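First up is the structure itself, then whatever we jot down about it.
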Amino acid sequence: MLITLEGIDGSGKSTLYEGLKTRLADLHPLFTREPGSPYLGDAVRRAIAADGDPMVEAALFVADHAVHLAEVVRPALADGRIVISDRYSDSRFAYQEVSLAGVHPDPHGWLEAVHAGWSVRPDMTILLVLPVAVAMSRLAGRCEQEHFERQEFLEAVQKNYLARAAEDPARFVLVDADRDAETILDFVEKSIRAAVR
Ligand SMILES: Nc1ncnc2c1ncn2[C@@H]1O[C@H](COP(=O)(O)OP(=O)(O)OP(=O)(O)O)[C@@H](O)[C@H]1O
Ligand SMILES: Cc1cn([C@H]2C[C@H](O)[C@@H](COP(=O)(O)O)O2)c(=O)[nH]c1=O
């Protein structure tokens, strides 16, 4: 079973991910992330940090996804394991549809085409949703981008996430991420246990 954690920067995904490692240890899930595949993940993170060409960045995320699937996700699923990934393909549709606007003539069409026929659809996606201003306040000082520019960007990203959830309600579990970390962890642990039963 493939479970993914999604949300804008500052939504609390990594905090939730670390908490689930303890809470779900009895289920022996494989915890993984994107970007983060063997031999490409670090290169992708360096490219993000360099804040380079959006098309290059998008292609790198897709390449990382391909390595992640081939080297990590598919073998674990084939072994019957639960896989929990901190970010996955929904991040590309949420972020790159914004970053490729004006760079590619049809960002959504390109993203659909580049994933079609080989990517693996998650069984369940936990989407952390919160006011962008709250997420920004948690990230204070972590981003070089102008505050307004970053806020506007994350508003568009979260709107894309919510549109994807509306198109696929059976897969998405929306979580109010503007609550304390323990309450979120309790709710997500319960949701995952109910899904894997
Ligand atoms: N539920 C919460 N309430 C208040 N603060 C939180 C909560 N969850 C996380 N934080 C804090 O917000 C900051 C960002 O958390 P975290 O790194 O988990 O977010 P993230 O979504 O993974 O962000 P990014 O995608 O940028 O890594 C951290 O300082 C963390 O301690
Ligand atoms: C997988 C993926 C990630 N991103 C973006 C989202 C974040 O701003 C950074 C790094 O993610 P993390 O939360 O620090 O792990 O990469 C993206 O734009 N597209 C993707 O496919």
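Just so it is clear, glycine is given a Cβ too, placed from its N, Cα and C backbone atoms.
Because TrEMBL annotations are produced automatically, they should be read as predictions rather than curated entries.
Taken from TrEMBL, the feature domain 'Thymidylate kinase-like' applies to 5-184.
Taken from TrEMBL, the feature ATP binding site applies to Gly7, Ile8, Asp9, Gly10, Ser11, Gly12, Lys13, Ser14. Its Cβ placed at the centre, Gly7 (ATP binding site) has 25 other Cβ atoms within 10 Å. Mapped onto three states, the DSSP output places Gly7 (ATP binding site) in strand.
Listed in sequence order, the residues Leu128, Ala135, Ala177 complete the 8 Å Cβ shell around the ATP site centroid, once Gly7, Ile8, Asp9, Gly10, Ser11, Gly12, Lys13, Ser14 themselves are left out. DSSP classifies Ser14 (ATP binding site) as helix under the three-state reduction.
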